[in-house]
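Encoded as structure tokens, the structure appears first; notes follow it.
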Amino acid sequence: MAKLTILIALVAALVLVVHTSAFQSSKQSCKRQLQQVNLRHCENHIAQRIQQQQEEEEDHALKLRGIKHVILRHRSSQEYSEESEELDQCCEQLNELNSQRCQCRALQQIYESQSEQCEGSQQEQQLEQELEKLPRTCGFGPLRRCDVNPDEE
């Protein structure tokens, strides 16, 4: 009986060591992948989305105040094409990351770099919302247990 207990303890310890080693390896692999991937397209896409939202809110506020001659902001087909291209390239880059955990870390990195440029908490909220929508927009569904703002408590 004592030998069986020792054997079970050894097997459990071995499983724990293998699991820990695999986790560390995957963590290092993600770090390498994040260094190799260019998240600029995602940053550009998110910045464009926030800019569009602000313009729409400004236009709506002017309309509510009774200003009837609002200058309508028309985006050209070239602008739509550029936005679409940024999104496509962003999705491609995120898709190259081999795990949801790594994709989440990429979104956190984007948040960290973009939040410094936000002017106020409303823009930070928009940034967070856009980053949370990005995986679904790219077609790989929401990331489970991913808080794009790691500083938020």
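Keep in mind that glycine also has a Cβ here, set from the backbone N, Cα and C atoms.
Listed features, source Swiss-Prot:
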| type | residues | note |
| --- | --- | --- |
| SIGNAL | 1-22 | signal peptide |
| DISULFID | C30-C102 | disulfide bond |
| DISULFID | C42-C90 | disulfide bond |
| DISULFID | C91-C138 | disulfide bond |
| DISULFID | C91-C138 | disulfide bond |
| DISULFID | C104-C146 | disulfide bond |
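Within 10 Å of C104 (disulfide bond), counting C-alpha to C-alpha distances, fall none of the disulfide-bonded residues C42, C90, C91, C138. C90 (disulfide bond) has C138 as its nearest neighbour among the disulfide-bonded residues C30, C102, C138, going by CA to CA distance. Taking C42 (disulfide bond) as the reference point, the disulfide-bonded residues whose C-alpha atoms are within 10 Å of its C-alpha, out of C30, C91, C102, C138, C146, are C91. Using Cα positions, the member of the disulfide-bonded residues C30, C91, C102, C138 nearest to C146 (disulfide bond) is identified as C102. Neighbour density at the Cβ, taken as the number of other Cβ atoms within 10 Å, is lowest among the disulfide-bonded residues C90, C138 for C138. Cβ neighbour count within 10 Å across all protein chains ranks C42 highest among the disulfide-bonded residues C30, C42, C102, C104. C138 (disulfide bond) carries a helical DSSP state (H, G or I).
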